[in-house]
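**Q** Feature list, courtesy of TrEMBL:
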| type | residues | note |
| --- | --- | --- |
| COMPBIAS | 16-31 | compositional bias 'Low complexity' |
| COMPBIAS | 186-199 | compositional bias 'Low complexity' |
| DOMAIN | 297-409 | domain 'Glycosyltransferase 2-like' |
| REGION | 1-57 | region 'Disordered' |
| REGION | 181-200 | region 'Disordered' |
| REGION | 249-270 | region 'Disordered' |
Amino acid sequence: MSAASPGPGRAGSEETTTPVTPATPVTATTPEDVGAPETAGVLESAGAPGPQAPTGQEVPRGVAVLVLDGAPQEVEATTASTRVVSSPADELHVCTTWGQGARRTEAPYALLLRAGDRLEPGSLRALEGFARARSAQVVTADRIEQGTIRRCPRFSLRLLEQLPYAGRALLVSTELLREVTGSGQEPSSAPGEGGAPEALGGATEWDLQLRLVDAAGVVEHCPVVAVNQAGPVQAGTLADRLATVRRHLERQGRSGETVRPGPTGLPRVLPRRPREHRVSVVVPTAFTRRDLADAGPRVLVEALVAALDQTTGGVDCEIVLVVDEAAPEAAIEACRALWHGPLRVARTRGGFNFSRAINAGVVEASGDVVLLLNDDIEPVRPGWVQDMLAALDLPGVGAVGARLLFDDGTIQHLGVVCPPRIL
């Protein structure tokens, strides 16, 4: 990942001007304007509750679109899209850091973009109205990236501290942005390799996102496609990403957790002292035989049990096979021969019912943690159970899922989204 370079003739340490002639007014800040704050206009429209003003004064309205400088054609793409969606209360600031832009505006909200990002129709009003309705200081949104619409789930801190999944377009309280960027540690439009901190004024974009989230406490997600994002959020090298998450944990006072590189190269937050668990692996099976791509005809549950034996070292595990009452002992013993730990059997009556089979297996289990597996999957690397247990031990976590792949390595399953009040 690389930082956007300033355009020809632009100084990397100055806030720069992009002249615009919008259909609806926006403003641009020049280096000469430093020290002369501008006042945003008032948007006269019915809106949701927002910041309170003293009696007799109008509530400030509008959004300051803060654009990190870049090549002239990229700046023009962003300013042109802003002309289409802006109102008289909105402002446009092309700047070398978002903090500079925040200090030049009195608009209550700021939208963080880079040169080349393009706003979608209706995005500013949707984001501002959403933020006011919820009195939100930080709002995430959906986006278009590489021609594909990227829908975000409702905000998840656990996910954001692993990767900048929410994209770049954050709507934030301008006051909060000034507070967080006051130290000067923030991304800039200065050139550099891979978005390294020294090229970004001491921080990456992802680092700034986490600092804003830490300061706000509560983040809301607005389910609208707000921006066509020109490039990825800059997170730096692996060392930068690990340092970003460590600082985040320190700010939150989470001394019982640590961060390490995960198997995919992304940071993973783990308990500093993992708990000891007894894991009961519950597997309903009918001993189905199938041709496997790499092994010919196999009994599916036998392939699973053999893989469990090879990949669960270091974890206290038992297997609970759930079978029907007519299941042959020979099939059960074939599985027992492939597993070096305890193996229990739970028998059920009647036709196959997955829910009933799971319940029967859980009744038979002796562990404090239950791992539910279908018999047609196969673990692919050691340490996967430890990874799931580490996630389960994090505060507030009661269930953990895994990524499932097809034989060709494509993704079959990435998780389940539940409405907030279901769980």
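The backbone N, Cα and C atoms fix where each Cβ goes, glycine too.
Fair warning: this is a prediction, and the values are worked out from it, not measured in the lab.
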**Q** Would you mind splitting the domain 'Glycosyltransferase 2-like' (297-409) into helix, strand and coil residue counts from DSSP?
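**A** Final tally across the stretch: 41 helix, 24 strand, 48 coil.
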**Q** Express the predicted model's confidence over the domain 'Glycosyltransferase 2-like' (297-409) as a mean pLDDT, rounded to an integer.
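**A** Here the predicted model's pLDDT, averaged over the domain 'Glycosyltransferase 2-like' (297-409), is 93.
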**Q** How many of the residues that make up the region 'Disordered' (249-270) does DSSP mark as helix, as strand and as coil?
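**A** The composition, in the requested order, is 3 helix, 9 strand, 10 coil.
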